[in-house]
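As given in TrEMBL:
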{"type": "COMPBIAS", "residues": "596-607", "note": "compositional bias 'Polar residues'"}
{"type": "COMPBIAS", "residues": "610-625", "note": "compositional bias 'Pro residues'"}
{"type": "DOMAIN", "residues": "7-72", "note": "domain 'Cadherin'"}
{"type": "DOMAIN", "residues": "73-179", "note": "domain 'Cadherin'"}
{"type": "DOMAIN", "residues": "185-298", "note": "domain 'Cadherin'"}
{"type": "DOMAIN", "residues": "299-402", "note": "domain 'Cadherin'"}
{"type": "DOMAIN", "residues": "394-513", "note": "domain 'Cadherin'"}
{"type": "REGION", "residues": "593-663", "note": "region 'Disordered'"}
{"type": "TRANSMEM", "residues": "526-549", "note": "transmembrane segment"}
Amino acid sequence: SSIFAKFTIDGHSGILRVKPGETLDYETTPTHFVTVVAKDGGGKYKGKHQVLTSTATVTVNVLDAQDMPPSFVGTPYFGYIYEVSVPGSEIYTVSAKDGDQGNPNLIYYSIVNGSDGVFDINSTSGCISLSTHPSMLKNELYEIKVKASEVGPNSQPLDYDITTVTVRVVDLNNHPPTFYGENGPQSKFEVTMYEHPPAGEILRGFKITVNDSDQGANAKFKLRLVGPSRVLRVVPQTVLNEAQVTIIVEDASGIDYEKGPTLSFKLLAVEIDTPERFSATADILINLLDTNDNVPIFTSEYYIARVPENSPGGSSVVAVTANDPDSGSWGEVKYTIYGSGSDLFAIHPSTGLIITQPWTSLDAEMRSKYNFYVKAEDSEGKYSIAEVFVSVLDMNDHPPEFDEEFQEKTMIIGTAVKVQAVDDDAESPNNVIEYSIMTADPDNAFDINADTGEIQLKPFIKSMEIVQNITKQKDCKWSLVVQARDRGSPSFSTTAVINIDITEATPLKGPMAAFLMKSRDNPLRALGIVTFIILVLVGVTVLISTVMYMRNSKSNRIMPVRRIIKRGPRDQQTWKFKIPVIKLSTPAEKFLISDPVSSPPQETSSPRLKPIPPIAPCLPPPPPSNIRANERPRAVPTISGALTSKSSKKAKPGRRKEGNISSALVSELKMKLEQKINENNQGYY
């Protein structure tokens, strides 16, 4: 039937009722959904007769009533009695449920007939047991009528159901497997041991024996350990009649106190080839003792902290955390720090909070990065290490500073002069400087680069005539006040007075001029480079002189049967070098360099002296004929030539080449002279 056949509604009051003759069944339909339509009396709307309606859905929940009897679950029922059973042995357990699942009543069990006084049933569990010895049984088959009755709130009997339990008496497998301890049958075995035993170790704390008193196939059963996978295994796995049960560690990682202080297993013995498949169960309980098997572990391998500079001593830096799951004092962690830079910091030994030392003053300009190590250690010395990185945040605590508050600068028209201020702050934008002109005399004559501090004349000032005209007209000093301001927050600034000496000079050409132009504001740098070049030249000269000296020393060795030729002293001319000295009367004259080695007017016409070539010595006279045999022979040494020359007053091009030619000529003459002496000596002997 449809839903509309179940319900009716009063058209005026709106009361919803169950239609007469219909019933609601919780077991069939526990919930109904009814749509109710409301209509008005109708009327004209926009020239038409219309009836307006509205709908609503009513949900009807059916309450379960005690209208269904209980029913047995899992029928039919069969039980067995063995000749060796004892009074009280369990034969079978029946189970029934109230048909009214929405509001079930309690079920009580009873035997109606067929027990012949040899069977009892538990009124609440439904367990049927033997009440006498099997030898007293007269039949091999019993049909027991079992009644399941509902009991109301006031213990009054209600609906009931009856089923039949068939019990057969057999003379077969009548001994289930049984576990025994040291004192007899036992269903629970317990042992206490330390965690993490080695794999393969036998748990000798368990004394377990299993037995099945049947014979043959009825006494064959399997042993199985149910619990955490692959942690323990049982030996043997198949038993005939009786065996000593051995439990062996298979996976030691599963026996961990931190995972749980106890381990529970079920030891099962199940018959293999019997239709009854009798079984026995024993509880295996392992109580674990903790060991210090864990090291403290930091929550991170490294920690990053940022601390503003100038923070007071004792300021918090960062909190580190290490966890040790061990129990007791083994799980208590002590923190220490060490490493370069750690002397400025301290750590609380228990909480792991890192702070600055009371006397610590962090300065980003002195050092902005610190890193050190933190150590977490338990009571037995097991530890782990993490690294801490501390960045000191730069604060704008230094104003820009000029080298001098009053500066003198020389400016060549068309070029720039540079002022520079230094901000000792460590990071941008605190150390980024912006330059500006505060005041200038004359006004509107200078421009400044805000980033580099380069000062230039306005483009319309192109010559000294314009400068002189402005000076005459305005009676100005050509000076300005330059401000250097950093970009930090708060911002700091400083000023300097720059006096400008403006000049006009003919620019030099060539690389030397470019170098001087670049170095006009930094004469010390130019002097350093010139000094370096001179030192290199001196070093090369010393090296060449050393080589020549070694060569001459080798060639001047005294040879046998030579005579020593003594020559009178000879005037030698020496080379004289002059380093030009430039004196500048004004800063701008350093760009106007004249020839520093020009000769005086009275010496310009004198010709430059050429170096005098060396004069070869005369050959030694032949030896006297009356030389004695025992007379010690004398050797003639080789003679080294040298060219000397006076430095002219006026430097001319090609001077360096002449020096090289002179050196080459000396070497050639020396070689020819030594060759000639050797030839004469050979002819003489």
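Glycine is no exception: its Cβ is also placed from the backbone N, Cα and C atoms.
TrEMBL annotations: computationally assigned, not manually curated.
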**Message:** Counting by DSSP secondary structure, give me helix, strand and coil numbers for the domain 'Cadherin' (299-402).
**Reply:** 7 helix, 47 strand, 50 coil
**Asked** DSSP says what for the domain 'Cadherin' (7-72): how many helix, strand, coil residues?
**Response** 0 helix, 32 strand, 34 coil
**Complete:** The correct DSSP tally for the domain 'Cadherin' (185-298) reads 7 helix, 58 strand, 49 coil
**Prompt:** How do the residues of the domain 'Cadherin' (73-179) split into helix, strand and coil according to DSSP?
**Reply:** 3 helix, 54 strand, 50 coil
**Message:** Taking only the residues in the domain 'Cadherin' (73-179), give me the average pLDDT of this model.
**Reply:** 83
